[in-house]
Amino acid sequence: MYGRRRLYPARPGRAARRGHERGDDAGVRAGALVDAAWRACVVRPAVRAARVAYAVVGSPTSHRVVLRLAMLSALHVACVAMAVLAYIGFYYAWVPDAAVHKDVHLQFAHGGAAPYAHVLLDGRDADVPVWQTEPSVPLFREGVVYDVALEMRVLLPRGVQDSTCSAYPDAMVRLELAAGDTPLYAASRAVLLVREPRVVRWGARLARTALRPFQREPVAPTQLVRVPLLRGITPWMPAPQGALLATRAALVVDMPRVPVQHAVLRFDAHMTGLIYWMYHHALLSLAAFVLVFATIEFVVAGVLWGALAAYFSWRP
């Protein structure tokens with residue numbers, strides 16, 4: 001009868017078949033959802049990207065743009081290369097190569113006297129014999145003006161490094177340049193040792209190791225100290241009675257409790273203005289020169305290219 005509930009049980013296995021059919025429907029729906037997500041998130045974007053790339057590669061407009069960019073890049077590289085070559089030419093033409101240096105071997109006297117050194121100003125790279133009293137090769141150029149400075153690598157004691165005071169002022173350097181027995185120049189300068197951070201000292205140590213890998217240094221990083229002594233002197237002075245040439249340098253380094261690992265007496269050509277910056281700040285001046293020179297070249301080339309492009313575009 002219609003509308004009445006059946007009182008007898010259903011066939012065995014019918015409920016199981018219905019559950020199996022429902023599971024199959026859920027799997028089909030999940031597979032369809034994954035396939036739709038794959039197509040929407042991966043396939044369609046990839047197809048669109050491929051179509052756009054093909055359109056860009058195959059388009060004549062894209063070819064012209066790429067060609068112009070390549071020409072501009074080549075022009076820029078050429079401008080930078082010409083700027084570097086011009087800087088090298090200007091550097092070797094303007095900056096005098098008159099920097100010389102001599103190693104200083106300090107001697108320690110008895111009785112607490114300050115370390116001293118007598119340096120023979122010989123132009124040879126090798127060490128001179130003990131019996132030699134006059135330089136065989138002049139160290140300086142005649143008539144060239146020099147600046148004299150003493151560079152030392154010192155190892156600050158632990159008391160100076162760890163103290164609350166950041167300076168160690170009681171140190172003195174004295175220098176005398178003489179032509180034989182005739183004193184020419186003398187200077188006495190105070191040395192102020194400023195404690196550098198450990199990171200700076202280790203960075204300088206690594207840089208020296210990279211430049212000179214076979215040079216021995218103590219385990220603790222040393223600190224570079226530069227003491228300007230004389231400025232604008234002429235060690236080889238021409239004179240009517242005969243040129244005066246500095247042949248000896250007497251040096252006294254009064255730095256108690258501060259061991260000196262290595263000392264160099266430097267004679268740099270006295271420079272001012274642009275030549276000074278090119279000599280003492282070579283990388284900075286190179287960057288500024290390349291930037292200005294390449295910019296001027298690039299602007300001129302761009303103006304000429306634009307004028308030619310406009311001429312050929314308007315030409316009937």
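Any Cβ shown, glycine's included, is placed from N, Cα and C.
Positions annotated as region 'Disordered' by TrEMBL: 1-22.
The feature compositional bias 'Basic residues' is assigned by TrEMBL to 1-20.
Residues or ranges marked as transmembrane segment by TrEMBL: 69-94 (among others).
Taken from TrEMBL, the feature transmembrane segment applies to 286-312 (among others).
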Could you tell me what the rest of the chain brings near the transmembrane segment (286-312), counting residues at least six beyond its ends with Cβ under 8 Å? 75-76, 79-80, 82-84, 86-87, 90
Tertiary contacts of the transmembrane segment (69-94) (same chain, 6+ residues out, Cβ under 8 Å): 274-275, 278, 282, 285-286, 289-290, 293-294, 297-298, 301
